[in-house]
Amino acid sequence: MKRRKYFGTDGIRGKVGSMPITPDFILKLGWAAGKVLSRFSGGRSNYIIIGKDTRISGYMLESALESGLAAAGLSAALTGPMPTPAIAYLTRTFRAEAGIVISASHNPFYDNGIKFFSIKGTKLDNEVEHSIEIELEKCLTCVDPKELGKASRIVDAAGRYIEFCKGTFPAHLSLRKLKIIVDCANGATYHIAPSVFRELGANVTTIACRPNGVNINKECGTTDIRQLRAHVLAKKADLGIAYDGDGDRVIMVDHFGNKVDGDQMLYIIAREKLHCKQLTGGIVGTLMSNMGLVLALKQLNIPFIRSNVGDRCVLAMLKKQGWNIGGENSGHIVLLDKTTTGDGIIVALQVLSAMVNNCVSLHELCNDVSLLPQILVNVYCSSIKSPLESDLVRKETKAVEQELSEQGRVLLRQSGTEPYIRIMVEGNCCYGKILYLANRIASVIRSEIKSIQ
């Protein structure tokens, strides 16, 4: 298939005001997507659900999308700020033509993006995204005035989704004795996640739940848990839960302030499913998954397979294997027996149910999975030519791998959503040495970037 021009690993993303995140391009994207999605779904409902996170640019892009869809003859049903997985859920329950989310996930406020869901609440196939890109090359033509789309609002979207989330928590259990700190990253979960946990009985304290359009992910959320850790310790809470800007990722903190990442949550959920005789097959991780997770699952005789990085790759591998549970150490976890895409609230509820069901703390649930020291270093790279093709980078990478021997590994990759080279080094040695080795590779990559710019 031809290389895609606009779509990355998670929709279309970029800096607001620069191509492709401009009002004129997004309007045409709405038109092109409307034409293509109608074709693929057979025009069953004639409307598309649009949700967004809390970025100030969301209003502008929402209006542009709405106009483009109307020109293609499709109506827009607006939800306002809602988590990405909520749009996936609403799209399939409303039998909408498709769902669109305006969000750049964990990125800063000045970035934004567009991602699509099919009528089934799943990410679009490559074929559909390719067809949208072909349509974008055509001239925009408006339907007859009588066939123009309209806009409406789904007023009970939040309530519907809250009830859906609560329904994934065992009916015989309660969160009544738990004290939880919830960090909503000033993002799309701010009016959802606290309500879910409170309605299930938890004593909830919120932080980063006052979005103003420009504070999304700022010193909070899954990418910065310092504030959450401090509140958990100060309030003597049982645990803390952090979301990213659009709510498809979750990171937790135990009562000692220790970070609990996606790998540890995958282990907790898998073990609980195994004990309850509800585990289908094994677990799908990614190239970034910690060796500690692999070894812990092996102790339970649970199969483990790695996919490429990204929830799309995890989902593809789950489908291929016929399994239900997979995810990334970033906290993006997919539970296909519960929903169709990564959902931070639902994942947190499954971890909480394991705590309550076994009458143990989050810290105790993590006792049997010992993660190896792992470092992720990001190097900014806007160059079209990749420095990863350099002989010097390859030579340094090989030298580091030899130093780690069979006790570790190195992974270099270009991010699919941001202009960064990701350098992951993992090994069965002290943290300081892992950091030193990662920075050695980063230094060579930075030198190569300078030489090719």
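Positions of Cβ are set from backbone N, Cα and C atoms, glycine also.
The local packing around Ser105 (active site, phosphoserine intermediate), expressed as other Cβ atoms within 10 Å of its Cβ over all shown chains, amounts to 31. What Swiss-Prot lists as active site, phosphoserine intermediate is Ser105, and the listing cites sequence analysis.
Feature annotation from Swiss-Prot assigns Mg(2+) binding site to Ser105, Asp244, Asp246, Asp248; the stated evidence is sequence analysis. According to DSSP, Asp246 (Mg(2+) binding site) sits in a coil region rather than a helix or strand.
Ser105 (active site, phosphoserine intermediate) carries neither a helix nor a strand DSSP state and counts as coil. The phosphoserine annotation in Swiss-Prot covers Ser105.
When Cβ neighbours within 10 Å are tallied across all protein chains shown, the highest count among the binding-site residues Asp246, Asp248 belongs to Asp246. Between the CA atoms of Asp246 (Mg(2+) binding site) and Ser105 (active site, phosphoserine intermediate) there is a gap of 5 Å, rounded to the nearest whole number. Other than the site residues Ser105, Asp244, Asp246, Asp248, same-chain residues with C-beta atoms no more than 8 angstroms from the centre of those residues' C-beta atoms, the Mg(2+) site, are Asp53, Pro83, Thr84, Ser103, His106, Gly187, Ala188, Tyr243, Gly245, Gly247, Arg249, His332, Gly344. There are 33 other Cβ atoms within 10 Å of the Cβ belonging to Asp244 (Mg(2+) binding site). Straight-line distance linking the Cα atoms of Asp248 (Mg(2+) binding site) and Ser105 (active site, phosphoserine intermediate), rounded to a whole number, equals 8 Å.
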